[in-house]
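Asks: Copied straight from TrEMBL:
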type	residues	note
REGION	A:358-393	region 'Disordered'
TRANSMEM	A:26-45	transmembrane segment
TRANSMEM	A:51-70	transmembrane segment
TRANSMEM	A:77-98	transmembrane segment
TRANSMEM	A:104-127	transmembrane segment
TRANSMEM	A:139-156	transmembrane segment
TRANSMEM	A:191-208	transmembrane segment
TRANSMEM	A:241-264	transmembrane segment
TRANSMEM	A:276-303	transmembrane segment
TRANSMEM	A:315-332	transmembrane segment
Amino acid sequence: MSATGIGGRVSQFGSAVAEGWTRERFGLIGAVALVLITFGPPFQVYLFTDFLVVALFALGFNLLYGYTGLLSFGHGLFYAGGAYGIAIVLRDLGPIIADIVGAGISPLVTFVVGGVVGLVLVVVVAVPVGWLSVRLEEIYFALITLAFGMLGYSLIIQDPAGLTNGTDGVIVLLGTVDLGGTSIRIGGRRLYYVISAVTVVAATYGVWRVVNSPFGTVCKAIRESPDRAGALGINVRHHRWMTFIISAAIVGIAGVLRAGLASVASPGLTHWSTSAIAVIATVIGGATYFYGPIVGAFIFLYIRWAISRFPTLEAYWELFFGVLLIAVVLFFKQGAVGGLYLLRDRLFGEGDIGGANGGGGGAFDAGSQVTTPPDEEAKSSNGDVRTDRGDNS
Amino acid sequence: MTTVLKAEDLRKQFGELTAVDNVSIEIDDGNITSIIGPNGAGKTTFYNLLTGVLQPTTGSIWLRSGVEDDLADVTDAEPHQVAQAGLSRSYQITNIFEGLTVRENVRVARISHEGTRLDFRSRATGDESVEADVEELLDLTGLTHIADTPCDTLSHGEKRTVEIALALAIEPNVFLMDEPTAGMNPTEVAEIVSLIRELDADLDTTFVVTEHNMDVVTDISDRIVVLAEGAILADGTPEDVLTDERVTEAYLGSDSA
């Protein structure tokens, strides 16, 4: 940002786009695609917004799973937290905010306040839930988070405080901004898509920065070996707790967007079957890649949509996912993104394995692969893999 | 000479079994101490007590903190606190961040040492002082040529070296090495021995080594402590200890003594 200036950065970006299949070119194509989708058929705009929200949900989840090695089965709790936060603000504080800022602009202000409240609510819940959960590891961690998620489900349905409206949930009415003549409906599909796309892209960039920061580097180390990280002076439990909170906050943002998209905050959001969507999307896409959850969410939603076009099959759509999931787990341990890298290596030769290996040379900076795909195992860069890995245990 | 690590009446009981039996030991800086003993003598349990992985049944552990001579009590400290207090270790079974590259491994240790673990705004690769230290360490341990190789594709000997680089990256006062030559071929053993000698000469770190390979032990040690059935059997210079009849007996059994 210092010496080059904006003009320099633009021309730098331009040459990076022209150079080949660089990250910049993918970024530019993605940005153009995001803009073009705004003008698509309304249902497709809706479906794509749905995909973006689920992608952010899975991406937040994967910060804890793929990057830190903790499988949460209760992230629906934070998805619901964001959704209920904004829903309750819209329902209860809407009139108050309208009194303060005036009726014209009040839906927009209420929406923003609701989003912030939803996010704060999620963090407030994640701090104690995370503190307790990170005391456990592996399957026990999965079980306690599952329990917290279902505890949230029960509380929302029982509704002891009279806030959540039980099984019916809270209706979300985003309202219409009236600027003296022009009125804009926030909940309109195209506008809501734009709001969601901007939020999701910004949040994704935030997560990307986190995983590439010293904090994220330590997360990966903890995933690889918590004992080793501890023996190097890293407070593993504390680090997992912080990751839990950040992960929950990202999921909370997705929850806020979900409420507006579905026009309701419903108890099902914190049911384990919703938490499982993040798990399934991540596993299908590839937990060890930054973009894995996004690709997985895309596959999940578009296959579901494709199946729904055949009414006879629709009743069994979960069956298709069962089969798909089994296929991925058995044959593509690295998920769809891992499969794509494998395909690329097959098609374009072996010279480019650096990208898939997370060395930072590829178009997507995967950066976080747990295990090397089998056909790469033999190609150690020093060509000196010994087989006698004796273990004196 | 200053005492850098002290254990007093250290005892660890697993049910009926006494794994470590009233061990008192003072480790001085400036020499390499080897802890030897037959399998099951309690060496690894002793290490796990010192590093906070296990809590002793009775006894206390003291560690020189920073540059002062006074010792700090780390008996009840957790592993990461012990490491922060200046005690580093390697494991008998190599324990490194397999999915990361060699450079990333060392970077993690430097991030921990610099205290920038919670920095999620800057780039991991952006801190030039950290990167310079990482390069220096890679150079010191001879890993520069494989710096960007993922660790899961390295040879056994290279992985063991990465672990040494990791342990040293936090600039410890004391480095406990648990069988550094385990599973290595003769060439690798020779390399690791010369590396340990070099590092001992170059750094302020005090090395404590457990080892089964007696050639290595006699080669590098200034002092040998023999553990048998959890207790100290002999303690002294290599010449004294290795000619001690009780030591031969413990290793070969009383019949052949």
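The backbone N, Cα and C atoms fix where each Cβ goes, glycine too.
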Asks: Which range out of A:139-156, A:191-208, A:241-264, A:276-303, A:315-332 gives the transmembrane segment (A:104-127) the most CB pairs under 8 Å?
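Replies: If we count Cβ pairs closer than 8 Å to the transmembrane segment (A:104-127), A:241-264 scores highest.
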Asks: In terms of Cβ proximity under 8 Å, which residues at least six beyond the ends of the transmembrane segment (A:276-303) contact it?
Replies: 47, 50-51, 54-55, 57-62, 65-66, 71, 73, 75-76, 204, 207-208, 211, 251, 320-321, 324-325, 328-329, 332, 334-340, 364-371
Asks: If I count Cβ-Cβ pairs under 8 A between the transmembrane segment (A:77-98) and each of A:51-70, A:139-156, A:191-208, A:241-264, which range comes out on top?
Replies: A:241-264
Asks: State the non-local partners of the transmembrane segment (A:139-156) in its own chain: residues 6+ outside its ends, Cβ under 8 Å from one of its Cβ atoms.
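Replies: Sequence-distant neighbours of the transmembrane segment (A:139-156): 70-77, 80-81, 84, 125, 129, 132-133, 164, 166, 267, 270-272, 275.
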